[in-house]
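Remarks on the structure that follows.
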Amino acid sequence: MSLENGRVALLPPGQPVEGTVLRYSCHAGFLLEGFNISHCTKLGKWDSPKPLCVYDSNYTGKKKLYIGALFPMSGGWPGGQACLPAAQMALDLVNNRTDILPDYELELIHYDSMCDPGEATKLLYDLLYTEPIKIVLMPGCSSVSTLVAEAARMWNLIVFSYGSSSPALSNRQRFPTFFRTHPSATLHNPTRVRLFQKWEWTKIATIQQTTEVFTSTLDDLEERVKEAGIEISVRQSFLTDPAVAVKNLKRQDARIIVGLFYETEARKVFKEKLYGKKYVWFLIGWYADNWFKIKDPAINCTVENMTEAVEGHVTTEIVMLNPETVRGASNLTSQEFLAQLMSRLGGKNPEETGGFQEAPLAYDAVWALALALNKTVAPLRAKGWALEDFNYNNKEITAEIYRALNTSSFEGVSGHVVFDAQGSRMAWTLIEQLQGGSYKKIGYYDSTKGNLSWYGNDKWIGSGPPADQTKVIVEFRFLSQKLFVSVSVFAGLGILLGIVCLSFNIYNSSVRYIQNSQPYLNNMTAVGCVLALAAVFPLGIDGLHVHKSRFPVVCQFRLWLLGLGFSLAYGSMFTKIWWVHTVFTKKDEKKEKRKHLEPWKLYATVAVLLAIDVLSLLIWQIVDPLHRTVEQKFTKEAPKEDLDVLIQPLLEHCSSEKMNTWLGVVYGYKGLLLLLGIFLAYETKSISTEKINDHRAVGMAIYNVAVLCMITAPVTMILSSQQDASFAFASLAIIFSVYITLVVLFVPKKEERVTELRNQLAERQALRSRRRPSVQNQNQNHSVPSSHAEPPSYSPTTDKQSLPPSFSNSSNLYQGEGKLSRNNCHNSRLPLLYK
């Protein structure tokens with residue numbers, strides 16, 4: 001089979017059968033009229049007539065190479081509005097160069113894909129099944145490029161994109177012939193991570209539109225932030241309406257938010273009013289510069305509202321225009337390129353022209369293709385091939401073009417053009433911030449070298465970059481010092497009272513009624529009270545006074561002082577009441593035997609109670625010692641002056657691994673003693689005995705101690721998270737118990753002793769007053785004359801009556817019976833003294 005002025009390819013080669021395909025193409029200078037493909041039917045005939053190759057009157061003598069392009073002139077990203085003129089500029093310059101493809105002319109066949117994969121599918125079919133053969137395909141949007149690049153390998157076509165940023169396109173297994181001058185969106189992620197680190201953010205949130213480009217970008221970002229020790233606390237997505245997703249961000253206190261969506265959806269996001277000094281948005285940098293000012297019927301915000309909402313957000317954008325004045329492969333500087341592009345646009349506002357920022361990438365894409373094709377001419381000629389021999393079955397020409405593109409390296413108007421192993425462009429990242437309604441450059445980042453060039457002109461609504469989360473300040477709750485000092489004063493006075501009572505008891509231990517109260521047991525009670533009061537001080541000592549490493553020592557002091565104090569004070573009182581009950585509730589024959597009190601048995605009982613406590617405390621301290629624990633199950637508190645700060649209260653406790661078990665054992669044992677003490681005190685309330693003459697006072701003290709202890713123990717456990725209330729309740733219970741015990745036991749003894757001393761003093765004074773008149777009478781008798789005559793007024797009766805009334809009483813107290821003295825003369829003998 002043959003075609004005049006053209007070529008015919010039989011697929012598959014061999015004898016035609018049903019399904020065999022004929023492909024027709026014309027030589028240079030001729031155009032194909034008719035169908036370029038014909039299929040063999042069941043009847044053994046071709047379904048399309050043979051086409052014709054007619055002469056091209058516009059033929060310049062150069063062979064044409066066709067590029068099939070899809071430029072989105074409308075849709076989600078209308079980038080073709082500026083990228084198509086830029087690509088045509090590049091084609092004109094390439095075709096006029098004599099050193100690049102001198103025997104060839106590049107021609108662009110383009111359609112509007114509307115950035116819609118469905119529309120792109122139809123256009124791709126037209127490009128492939130309509131003459132002429134395209135040597136390269138050039139899609140724009142990521143969604144369209146994904147479709148085209150995945151299908152292109154079936155036709156052995158190179159796909160070269162100028163506007164696709166989807167990270168998914170970097171998959172060489174899925175897209176083996178794909179290249180792009182637009183860097184992958186993942187190139188933004190190293191820049192974002194670097195900025196998070198610069199501003200010391202460790203917690204971010206993300207919101208994305210559910211398209212493959214944004215999903216794959218976010219997957220890459222998640223891996224990178226994880227490596228950097230940064231947490232993505234909230235991850236939200238939406239299809240068309242972001243309202244619910246934004247509300248979730250607000251509810252979960254998201255502060256640093258990475259937004260991945262197209263600019264139409266961006267306006268919907270900011271309509272939800274999630275902005276202010278607490279928030280920082282990271283957006284995509286390839287939106288139009290005035291995207292937030294564009295009137296959108298889908299939102300009801302004014303330009304002023306939207307400008308306020310987006311103020312301060314940060315964009316990361318691939319450097320798409322070389323900032324340096326360098327003439328590259330096209331012999332144009334970036335500024336000269338912009339001037340010529342503006343001329344082609346006819347004075348259109350760049351901010352309102354879709355794809356204006358990406359136009360340098362489209363321009364450099366055409367130059368990269370031209371240079372790569374130029375590089376393949378010699379290798380193909382050595383193999384007996386030429387570029388015009390390309391068809392959709394020729395893998396050798398495709399392989400040569402692939403190798404040429406893979407090794408490309410030149411200076412373009414967008415910067416240095418070089419591709420990585422996945423066919424993605426390597427480039428710098430521009431960092432901008434919206435300040436006062438316009439974007440300001442605040443830095444550049446070179447991800448290949450990890451170099452951040454920072455201008456230092458970033459501005460924030462507050463005093464600086466906001467916190468990445470509500471800052472939680474850990475603050476220990478310490479005991480109120482006023483309460484501690486007040487209670488300590490009472491405890492100190494109680495200790496002083498205990499020492500006074502102990503001293504009194506020791507000093508007056510020989511007094512009979514004090515001896516009959518078992519003073520040694522009372523001494524133990526006083527010592528126990530002093531120890532219990534001493535426990536108040538470590539109870540009030542916390543992290544404000546001691547370092548956490550010494551806190552276990554404070555815990556031990558609390559335990560031992562209170563335990564030993566209770567054992568001594570209550571144990572000695574319990575022993576008294578126990579003995580009284582034992583003696584006076586027995587049968588009469590046994591009662592007489594036990595009325596002879598042996599003190600050592602009382603002391604032994606106290607010693608046993610004390611030993612039990614010491615042994616249990618030792619086992620507790622050895623097996624499961626008390627240590628410092630920190631309770632943080634408190635509701636965070638917000639100070640009024642700072643909305644970005646929450647205070648997390650912490651409280652120190654003395655605890656052990658099995659604290660509840662130990663407390664259960666101790667409280668159970670002590671509780672039984674208290675209940676038994678109450679019972680014994682009640683049973684002996686009407687008993688009177690001289691051996692322990694203060695047992696009723698002991699019973700009163702036991703009542704008070706038992707009631708206070710049984711109330712305090714559970715209440716302090718309930719109030720353990722309230723340090724002031726817990727301390728006040730426990731310490732005041734100790735103080736009241738001790739004060740009541742000391743007052744009940746010792747004050748009556750002091751009063752009785754004071755009364756006795758007063759009586760003795762009064763008797764001595766009376767004795768002195770009786771002796772004084774007697775001495776005066778003797779002096780008068782010595783002064784009577786020698787005649788011994790009686791005084792005229794003398795009367796024995798009168799003299800006797802003039803004696804003090806207490807005289808005879810006093811003589812009866814101090815004179816033995818039958819004895820006479822000068823002051824105790826019988827009346828019948830008095831006259832003899834005067835003869």
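Every residue, even glycine, has its Cβ placed from backbone N, Cα and C.
Just so you know, TrEMBL annotations never went through curation; they're auto-generated.
Summarising the annotation, TrEMBL assigns compositional bias 'Polar residues' to 774-786. Per TrEMBL, domain 'Sushi' is recorded for 1-55. The domain 'G-protein coupled receptors family 3 profile' annotation in TrEMBL covers 490-749. Look at TrEMBL and you will find 765-827 tagged as region 'Disordered'. For 483-508, 520-539, 559-579, 600-623, 661-682, 702-721, 727-748, the entry in TrEMBL reads transmembrane segment.
Here the transmembrane segment (661-682) does not touch the transmembrane segment (520-539). Their Cβ atoms form fewer than 3 pairs under 8 Å, with each pair 6 or more residues apart. Residues 487-488, 491-492, 494-495, 498-499, 501-502, 505-506, 554-555, 557-558, 561-562, 564-573, 575-576, 599, 602-603, 606, 694, 727, 730-731, 734-735, 737-738, 741-742, 745-746 of the same chain, all 6+ positions outside the transmembrane segment (520-539), place their C-beta atoms under 8 angstroms from a C-beta of that stretch. Counted over residue pairs 6 or more apart, the CB atoms of the transmembrane segment (727-748) and the transmembrane segment (600-623) come under 8 Å in fewer than three pairs, which marks the two as apart. Helix, strand and coil counts from DSSP across the domain 'Sushi' (1-55) read 0 helix, 25 strand, 30 coil. Using a Cβ-Cβ cut-off under 8 Å and counting only residues 6 or more beyond its ends in the same chain, the transmembrane segment (483-508) has close neighbours at 514, 519, 522-523, 526-527, 529-530, 533-534, 536-537, 540, 724, 727-728, 731-732, 734-735, 738-739, 742, 745-746, 749-750, 753.
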